[in-house]
Amino acid sequence: MENFQKVEKIGEGTYGVVYKAKNKLTGEVVALKKIRLDTETEGVPSTAIREISLLKELNHPNIVKLLDVIHTENKLYLVFEFLHQDLKKFMDASALTGIPLPLIKSYLFQLLQGLAFCHSHRVLHRDLKPQNLLINAEGSIKLADFGLARAFGVPVRTYTHEVVTLWYRAPEILLGCKYYSTAVDIWSLGCIFAEMHLVCTQHHAKCCGEHRRNGRHSLCPLCSYLEVAASQGGGMTAVSAPHPVTRRALFPGDSEIDQLFRIFRTLGTPDEVVWPGVTSMPDYKPSFPKWARQDFSKVVPPLDEDGRSLLSQMLHYDPNKRISAKAALAHPFFQDVTKPVPHLRL
């Protein structure tokens, strides 16, 4: 560790604290992840060492490179390449203007390329979320923390005791399935794909709905504000908006049962027809409310027909029928994919 100088703390993730650091010998800027270990165990589990050592072999342009593993006494440090920002922060910063479709398409395509590579090497992520998708100023997006869930387990709480989000967790996991596949990562990425399209403001949906119900066909105050902001070059900020602007997750549950029910309300309550074997899962209850499937055009309005087709295949209930990363890359949605450069506020 004497070869690294910590510059600043840049985050506290699922497995520990992350620092921006500089290699004193080479001058290279890296992300230094200090893994939080169970104090009741003696040192670092050998299984964890084996798992993360394998990750050093995952060389792909869309996977954050694990440069080194430093094991000292009861501490474990992972040295990763450094990227400017995570997708969550970028989406928050883009909440007022939205993310351009070409950039969403490029990001999803790149992430699927990274997933396809890892899945072909039988490595799952199991905990995909916007916080561990990292971007740079050149338009690249990379998967971070790959394989750490298998090495260290998926904790209930983070380093700072924050409850780990359930928003991107596949229904087979929520229903207690102990043996799952690469399909869990596809589900998570599908949720993130939808979220990149969704922008909301507090009270905006209610405001817009009331405006239209009262027979006024003009734009509601916030829509008018957004239209003016766009016409003026998007120079206004979320802080100056009439209501706080935030992105909206597709399934923002606050407990496992709430998460399941949010999924059911949108995709319909699954039965043996759409998902053979679902009623035999450990946490399935015959008493679950029976909801009908919603029209996808109303769930994610900005998506075109190809986008809705891809999303519905990524969010297929049956993991065996959920589209694979490799197959998704060949979907018509990507026929005009490019690699635009994002406007990052670093």
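Start at 1 and count along the chain as shown; that gives each residue its number.
Cβ coordinates come from backbone N, Cα and C, glycine included.
Pulled from Swiss-Prot:
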type     : residues                                    : note
ACT_SITE : Asp127                                      : active site, proton acceptor
BINDING  : 10-18, Lys33, 81-83, Asp86, 129-132, Asp145 : ATP binding site
BINDING  : Asn132, Asp145                              : Mg(2+) binding site
DOMAIN   : 4-334                                       : domain 'Protein kinase'
MOD_RES  : Met1                                        : N-acetylmethionine
MOD_RES  : Lys6                                        : N6-acetyllysine
MOD_RES  : Thr14                                       : phosphothreonine
MOD_RES  : Tyr15                                       : phosphotyrosine
MOD_RES  : Tyr19                                       : phosphotyrosine
MOD_RES  : Thr160                                      : phosphothreonine
MOD_RES  : Ser218                                      : phosphoserine
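Annotation: Asp145 are the recorded positions among Ile10, Tyr19, Asp145 whose CA atoms are within 10 angstroms of the CA of Asn132 (Mg(2+) binding site). Closest by Cα distance to Lys33 (ATP binding site), from the modified residues Met1, Thr14, Tyr19, is Tyr19. Remark: of the recorded positions Met1, Ile10, Leu83, the most isolated position is Met1 (fewest other Cβ atoms within 10 Å of its Cβ). Mean per-residue pLDDT, taken over the domain 'Protein kinase' (4-334), amounts to 83. Checking Cα-Cα distances from Asp145 (ATP binding site) against the modified residues (Met1, Lys6, Tyr19) with a 10 Å cut-off leaves nothing; none qualify. Between the CA atoms of Pro130 (ATP binding site) and Thr14 (phosphothreonine) there is a gap of 13 Å, rounded to the nearest whole number. Around the Cβ of Gly16 (ATP binding site), 20 further Cβ atoms fall within 10 Å across all displayed protein chains.
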